[in-house]
Amino acid sequence: MTEDKATGDGGRTAKDRQLDGYRVSQEGTALTTDQGVRVADTDNSLSAGERGPTLLEDFHFREKITHFDHERIPERVVHARGSGAHGYFQVYEPLTDITCADFLSDPALKTPVFVRFSTVQGSRGSADTVRDVRGFATKFYTRQGVYDLVGNNMPVFPIQDGIKFPDFVHALKPEPHNEIPQAQSAHDTLWDFVQLQPETLHFIMWLMSDRAIPRSYRTMQGFGVHTFRFVNARGEGTFVKFHWKPRLGVHSLVWDEVLRLQGNDPDFNRRDLWETIERGSTPPEWELGVQLVPEENEHDFDFDLLDPTKIIPEEVVPVRPIGKMVLDRNPENFFAETEQVAFCTANIVPGIDFTNDPLLQARNFSYLDTQLIRLGGPNFPQIPINRPVAPVHNDHRDAYHQMTIHRSRTNYAPNSISGGCPGIGSHGVFQHYQERVDGHKIRRRSPSFGDHYSQATLFWNSMSGWEKEHIVAAFQFELAHVERRYIKERMVEHLGLIHPDLAGRVAAGLGLPAPAVTSVHDRSSPALSQARTAFDSIATRKVAILVTDDVDAALVTAVRQGLEARGAICEALAPHEGAVGELTADRMLTSAGSVLYDAVFAAGGDALAGVGYAVHFVREAFKHGKAVAAAGAGLRLLEAAALPGPLSGVVEAPDADEAFVGAFADAIRAHRHHDRDTAAVAA
Ligand code: HDE
C-alpha cells in the first residue's frame with residue numbers, strides 16, 4: 001500500500017493509474033461502428049438512388065444520429081457550470097490524535113484528488129464572471145474510500161434548514177415566466193425571498209462583497225461551511241470547520257470589469273485554471289486549515305455551531321494549517337470527468353463524521369438522489385472519475401449501465417455458499433460517532449439559530465474602506481434592478497439592522513430615506529478582510545505590453561524578462577499580428593480587452609499614442625485599478641490617455657531599468673489600486 005507515497009512513478013497517483021485503464025486514444029485507428037465494424041463512408045447516408053430517400057437499413061447512419069440525439073444529460077440543478085482539475089493532497093503532520101482518517105495520518109502520502117469549481121445560478125453555458133457563490137468540491141480518493149468535501153468559496157449559507165433549499169434556489173434562478181435573468185441575482189424574486197427570510201442576510205453580505213467575483217478559482221478560499229466532526233481511534237469526537245486558503249492570496253475582480261469580461265471572455269475563470277495548469281510553472285495550490293472545537297466547548301459561543309449561517313471568527317478559534325493541495329493536471333475529456341463527476345456530502349471515510357446541522361443532514365439525502373436522475377441510475381460510482389481507488393465489494397447488483405461482471409454465485413448476506421464473502425472487516429471499518437440523541441419529534445427551528453444580524457454586522461465592521469464601498473455599490477446595483485419599490489424599502493430596513501452606515505449609503509443611491517438609526521455592535525474579525533490577504537507575489541499575473549512597429553525591442557525585453565523572472569505572464573499586443581519591429585506580437589491588440597490582463601505596460605513606439613484602442617485600453621485598465629506602467633516612447637500613450645492623478649499604481653520612467661521593473665512589480669503585487677475606484681475617468 002505504498003504506491004501513493006510522494007516519490008516514484010513520475011508523480012502519478014493511484015487514481016491516474018486507475019484511469020489509464022479507461023483512456024482511449026484514436027491515433028492511428030480506423031473508423032468503426034459501436035459494434036466494431038469498419039465503416040467505408042461517413043459523409044453520405046445510404047439512399048435509394050443519388051437523389052432518392054434515405055434507407056432505414058443504414059445502420060451506421062441510424063447509430064450515429066441516435067447516439068448524437070442522446071448526447072446530453074440533465075445539467076446540475078445548481079452548480080451547472082463548472083471546471084475540474086486533478087491533483088493531490090498531502091497532510092503536513094499526522095493528525096492521529098484527533099482523527100483516524102488514513103489520508104490525514106501520513107505526511108509521505110499523496111492522496112489523489114479531483115476538484116470541481118463552479119458557479120451556482122447559471123446554466124452550463126453561462127458566463128464565468130457573474131456575481132455568485134463559487135462551488136469548491138473536492139473528491140479525495142483515499143485508501144479507505146472516497147471522501148468528498150463539497151464546499152463553497154463563502155463560509156456561510158443563505159438558509160439554515162435544507163427544506164428551504166428549493167425555495168431559495170427557485171427565487172435565485174431566472175424567473176419562471178420568462179427565464180430572465182440568466183446567472184444574475186439582480187431581480188425581484190431573489191430579493192423578495194431575502195427580505196422575507198432574514199436568515200439569508202449574513203450570506204447576502206458575502207454575496208454583495210468582492211468574494212462573489214473572484215479573479216480566479218486559484219485566488220479564492222474554500223469552506224466546508226458546516227461544522228463536521230473528526231473522530232479518533234478511541235471514538236472521541238472534535239468539532240471541525242474546514243478552510244482552503246489559496247497560496248496566491250484571495251483576489252477579486254472589480255464590478256465594471258466583471259460586466260465587460262462577460263463579453264470579452266465568458267470562459268475567463270475556466271480558461272485561467274486550464275492555462276495555469278497547462279503552463280505548469282505555478283500550479284494552483286491551497287492550504288487546508290481546520291478550526292477545532294472540543295466537544296465539551298460546543299455551547300461556548302454566542303451562536304450555534306450547527307447553524308450554517310454562522311462563522312467561528314478566526315480570532316476566536318484560529319485556523320490550524322494541516323496540509324496542502326496542488327492541482328497539476330487538466331482533465332482529458334470534459335464530459336467524462338468534469339461533467340460526470342458526482343459529489344456527495346455523505347461520502348465520508350473513517351475519522352470524519354457529520355453533525356446535526358440540518359442543512360448538512362438534508363444534503364446527505366440530496367446529492368445521491370440528484371445523481372440518480374442526472375447520471376441515469378445507481379451505478380454512477382462505477383463511472384471512471386467516480387471510482388474509488390479502494391477496492392469495492394458488496395452485494396449491489398444489476399441496474400442500468402452495470403459495468404462489473406460479478407462472478408460470485410451469491411448476492412446476499414449472510415451466505416455460506418461464498419464462504420460468507422464479502423465479509424465484515426475487523427479493522428479500518430467506518431464507525432459512526434456515538435452521539436446521544438434524545439428529543440421530541442417536532443418541526444421547529446432551534447431558538448439558538450435566531451440571531452440573523454450580529455454576524456452580518458461583524459462582516460461589515462471587518463471590511464476596509466474600499467470593500468465597504470464595493471458592498472454598497474453592489475447593493476445599489478442589485479436593488480436598482482428590482483422593480484417593486486416595497487422590496488427595496490424592506491431591504492433597506494434590514495440593512496439598517498446590520499449597520500446604519502450601510503443602510504444610509506445604499507438608501508441614498510436608491511433615492512430612499514435612510515431608516516431610523518439602531519444601535520449595533522462594533523466587534524470585527526480582521527481576518528475576513530481581503531485587504532489582509534497575501535500580496536507577496538506577482539506569479540501568474542497577466543501583463544499586457546502594448547507595442548507598435550517602431551517599438552524599442554530592448555525596452556520590451558528588459559521589462560518582460562524582469563516580470564517573467566518574478567513569475568508574471570507577459571503578452572505583447574500590437575495593432576496587427578506577426579512581426580512588430582524586431583519583436584513578434586503575441587496577440588492583436590483589438591482582439592484583446594484590457595479586462596483580460598492584471599496590468600498594462602505601454603512600451604511604444606511613438607505611433608502607439610495615436611492608436612485609439614491603445615488609449616482606451618490604458619484608460620480602462622486604470623479605471624479598473626490595475627497597475628499601469630510606461631517607459632520610453634510609451635510615455636506618450638499615457639499623456640494621450642490623460643489619466644487623473646496623482647493616484648497609486650502608475651509607474652513612469654524614461655528607461656526600463658531594474659528600479660522601474662521593481663516599482664512596476666510592486667504595483668502589480670498590490671493587485672488593484674482602489675483609490676481609483678471613484679476616479680473620474682471614462683473608459
Ligand atoms: Fe449543494 N447541491 N446543496 N451545497 N452543492 C448540489 O448536487 C443541495 C449546499 C455544492 O461540482 C447538487 O451533484 C441542497 C451547501 C457544490 O458537482 C444538489 C442543499 C454547499 C455543488 C445540491 C445544498 C453546497 C453542489 C446539484 C441544502 C456548500 C457542486 C448537482 C440542504 C457547503 C458539486 C449535484 C459539483 C451541488 C443540493 C447546500 C455546495 C442538487 C439540497 C451548504 C459545490 O444535490
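Glycine is treated like the rest: Cβ placed from N, Cα and C.
Unlike curated records, TrEMBL annotations are generated automatically.
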Heme binding, same site as Arg76, Phe165, Arg363, Tyr367, Arg374 - TrEMBL member from Arg116, Arg211, Arg215, Arg320: Arg116
Which same-chain residues, if any, lie at least 6 apart from Arg374 (heme binding site) yet have Cβ under 8 Å of it: Ile73, Pro74, Arg76, Ala342
Cβ atoms near Arg363 (heme binding site) (within 10 Å, other residues, all chains): 21
Helix, strand and coil residues within the compositional bias 'Polar residues' (26-35) as assigned by DSSP: 0 helix, 1 strand, 9 coil
For Tyr367 (heme binding site): intrachain residues, at least 6 apart, with Cβ closer than 8 Å: Val150, Ala342, Phe343, Cys344, Thr345, Ala346
Cα-Cα distance linking Asn152 (active site) and Arg363 (heme binding site), given in Å to the nearest integer: 14
C-alpha spacing of Asn152 (active site) relative to Phe165 (heme binding site), in angstrom: 15
Chain-internal residues near His79 (active site), provided their CB is under 8 angstroms and they sit 6+ positions away: Ser118, Thr119, Val120, Gly135, Ala137
